[in-house]
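Quick look at what TrEMBL annotates:
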- 4-67: domain 'Large ribosomal subunit protein eL24-related N-terminal' (DOMAIN)
- 95-162: region 'Disordered' (REGION)
- 95-123: compositional bias 'Basic and acidic residues' (COMPBIAS)
- 124-134: compositional bias 'Polar residues' (COMPBIAS)
Amino acid sequence: MVIKTDLCSFSEWRIYPGHGRRFVAKDGRLFYYLNQKSRAFSARKIKSQEIQWTVAWRRLNKKIKTDEGAKKRRIRNLKVQRAIVGISLEEIRRRRKEDEKTRKAQAEQAAREIKDRKQKQIDAQKSQRKGVTSTQKVAQKAETKAAQKAAAKTAGKQKGKK
């Protein structure tokens, strides 16, 4: 059978059921005292480390064994790699393994490809401009104007019929 015991707030001795007193401070904190002696020392604000019969004094003066030898086992945080939107986990690992030289070479190659693409677009636009002579341009403008006038006339006739 397990008996629920409390610890004295001053002496740290065990308080068995039916013994001791509880004291509630103004701020709501609970204090458990084994006997009137402990309560009186605590009320006088005397430190329990200064009284020889308390557990605190015995611990301070190495009279009892403490469990400081057993280190607490810390749980270490593990780094977890996750994929970013747009890049897979394998791609991230591959890029991490690359050295600076290969990165620079890839960047230069990408820049060259972009330049080549832009140059091709410019060349294509120039060739289109060269293919159309100035007389052909004038003729095209005249055709578009004539088409616009004809469209305006037919629109005006349709309004008059209504």
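Along the chain as shown, residues are numbered 1 onward.
Yeah, the Cβs are placed from backbone N, Cα and C, and that goes for glycine too.
When the domain 'Large ribosomal subunit protein eL24-related N-terminal' (4-67) is classified with DSSP, helix, strand and coil residues number 17 helix, 12 strand, 35 coil. Each residue of the region 'Disordered' (95-162) gets a DSSP state, and the totals for helix, strand and coil are 63 helix, 0 strand, 5 coil.
Note on the domain 'Large ribosomal subunit protein eL24-related N-terminal' (4-67): its mean pLDDT in the predicted model is 95.
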